[in-house]
Amino acid sequence: MPRFITELKRTHSCGELTKADIGKEVVLFGWVNNRRDHGGAVFIDLRDRAGLTQVVFEEDVRPDVHELAGQLRLEYCVGVRGKVVSRGGNVNPKLRTGEIEVHASDLEIFNRSEPAPFQIEDEIDTGEEKRLQYRYLDLRRAPLQRTLMTRAKVNHLTRNYFTDGGFLELETPFMVKYTPGGARNFLVPSRLNPGKFYALAESPQLFKQLYMMAGFDRYFQIVRCFRDEDLRLDRQPEFTQIDVEMSFVEQNDVFDVMEGLVVKLWKEVLGIEIPRPFQRMPFEESMAKYGNDKPDLRFDMPHVVLTDLVRQHDGGGVPLMHEAVKGKGIVKAMRVPASANFSRTEIDKLEEYVKGMGAKGLARAKVGEGGEWTQSPLAKTITPALRQAINEACEAKPGDLLLFQFGKDSVVHTVMANLRVHLAKRMGLIPEYGSGGAWRFLWVVNPPLFEYDEESGQWAAAHHAFTRPHDSDLQFLESDPGKVNCYRYDLVLNGFEIGGGSIRLHDPEVQARVFKAMGISDEEARSKFGFLLDALKMGAPPHGGIALGMDRLVMLLTGAESLRDVVAWPKTQKGTDLMTGAPGDVDARQLRELYVKSTYEPK
């Protein structure tokens, strides 16, 4: 064992010594972050997760220690003993320890390091693949260490908050029964049950509901979940969520608990007071104004739905608008304030941008002093009455730019939603991380329970089939499922959905009606969810809950650009681990024991 480990104990971290410690003898452990040899003295910056401390090895004080220090190189892992002294006029204001240095009297090299494949510095230009390949080195960099320490703090605060609130931290199984539909599952073959598979849980949904039926009326868990889906910057195949369920609650009770957690996290982590209650917006309003159910409210520029207006004016001389409203399409406009000075080139770039999302083009009009439209093909045919009505609906002013989309609602919503954010970034309307107005929380409520699947010709649950419909909409379950809204809610922050949940169905008869509306027979429902249906008949309480995405929450709290920056050991966008080589091949004997055979043929 190293001498420093058995004979000495670390007294301080490398980030905590100040001028108040001058004169103390200290023992520090860490890595050589920087090294400078001035002949009679060797200087190093010693680093651990708390920060940096300058250490000086002087030849005329301890020649043997100075000689050993001459062997030090970057990333050597060492222990140092010495006295804290003032740096006098050589203060480094960038460091918390910048007023002092440690004059070493002893040194032990715990381990040497080969030259690192990249610099261990805050800002590096090394490609992400190389950093992920050597993730254990990447994690030595201060920005990532700060992020993971923030994540640990969020874990700690979350556990304390729920425990203090009377919640029980309970576990749920990772290996569960596979049920078709929903997210694609990772499958685990069962050696003891040949030909059968477990699925890795994509969420604890059913088990946390069963906890409520078992009488554990306040549950939480910080839980790992798994989804085999295509990856993006804000997705990982394994992810962590803060999972919560409560009995004897309605929607507002869930909001109150979760707002309390969020306010605590922002206060304790960032020192920022978030006002309560959070804004609430019906799903229908969110789609109409912003084109999606997770709007970024840090800036304005809402959409205006003009469908009824255009219909009232019988198309108003614009054939494409008329065609859209005659069918099932919609017409939307967005006012871009004081932007009539956009050049033709800039407008053309916007048009190329929307075409990349499936739009046929980008109709536009610049508003003149008298409300007339200029530099717009629409101006040639639109009736004055419709033009004036659109100006009034959009609250258009001279110098504004109006942008239009018309056609299939799903395309129009998506195009206009993305265009709004694209323009806001370009125009500098989005507050920077950490600035005033940087946090806009929103509950999006009352969405449809079902969405129509044109391919199968069936109604499907928009989220999951265990959400309680509005009582006033139960009459439509059989006759018109598209009219059924539900007690589902999403917590949105700055254009990201950071959590979602619902009040659950606890009435077995209504649950059966929901399954039938989805074309699920009694036999199929019993095959997939028989255990839940039985539990619902055993005095199931009213209950509801939510799950917050821990990874995304920390990403937003820290201002990270990607989930891979807040997960210690992330996968790439292809789902691979470049450090360990996962996923990898499996021994043929093990596959035989699992009764599994690969049919994959490399191209």
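Just so it is clear, glycine is given a Cβ too, placed from its N, Cα and C backbone atoms.
The annotation ATP binding site is assigned in Swiss-Prot to Arg227, Asp228, Glu229, Gln236, Glu497, Gly549, Met550, Asp551, Arg552 on the grounds of sequence analysis. The number of other Cβ atoms within 10 Å of the Cβ belonging to Arg552 (ATP binding site), over all protein chains shown, comes to 23.
Taken from Swiss-Prot, the feature L-aspartate binding site applies to Arg227, His463, Arg504. Long-range C-beta contacts of Arg227 (ATP binding site), restricted to its own chain and to partners at least six residues apart, with a cutoff below 8 Å, comprise Ala183, Arg184, Asn185, Phe186, Glu202, Arg235, Pro237, Phe239.
Positions annotated as region 'Aspartate' by Swiss-Prot, on the basis of sequence analysis: 205-208. Summarising model confidence by region, the region 'Aspartate' (205-208) averages a pLDDT of 96.
According to Swiss-Prot, the feature site 'Important for tRNA non-discrimination' maps to His38 (among others). Cβ neighbours within 10 Å of His38 (site 'Important for tRNA non-discrimination'), excluding its own Cβ and spanning all shown chains: 10. In three-state terms derived from DSSP, His38 (site 'Important for tRNA non-discrimination') belongs to neither a helical nor a strand segment and is classed as coil.
For Gly89 (among others), the entry in Swiss-Prot reads site 'Important for tRNA non-discrimination', with the evidence type sequence analysis. Counting every protein chain shown, the Cβ of Gly89 (site 'Important for tRNA non-discrimination') has 5 other Cβ atoms within 10 Å. According to DSSP, Gly89 (site 'Important for tRNA non-discrimination') sits in a coil region rather than a helix or strand.
Each residue in the region 'Aspartate' (205-208) gets a DSSP state, and the totals come to 4 helix, 0 strand, 0 coil. Every protein chain considered, the tally of other Cβ atoms within 10 Å of the Cβ of Arg504 (L-aspartate binding site) stands at 24. A C-beta separation below 8 Å, combined with a sequence spacing of at least six in one chain, links Met550 (ATP binding site) to Arg151, Val154, Asn155, Ile222, Phe239, Thr240, Gln241, Ile242. Proximity of His463 (L-aspartate binding site) to non-local residues of its own chain (separation of 6 or more, Cβ distance below 8 Å) is seen for Pro447, Arg488, Gly500, Ser502, given in sequence order. Taking the binding-site residues Glu229, Glu497 in turn and counting surrounding C-beta atoms within 10 angstroms, the largest count is reached at Glu497. As a whole number, the greatest separation of Cα atoms within the ATP-binding residue list Arg227, Asp228, Glu229, Gln236, Glu497, Gly549, Met550, Asp551, Arg552 is 19 Å.
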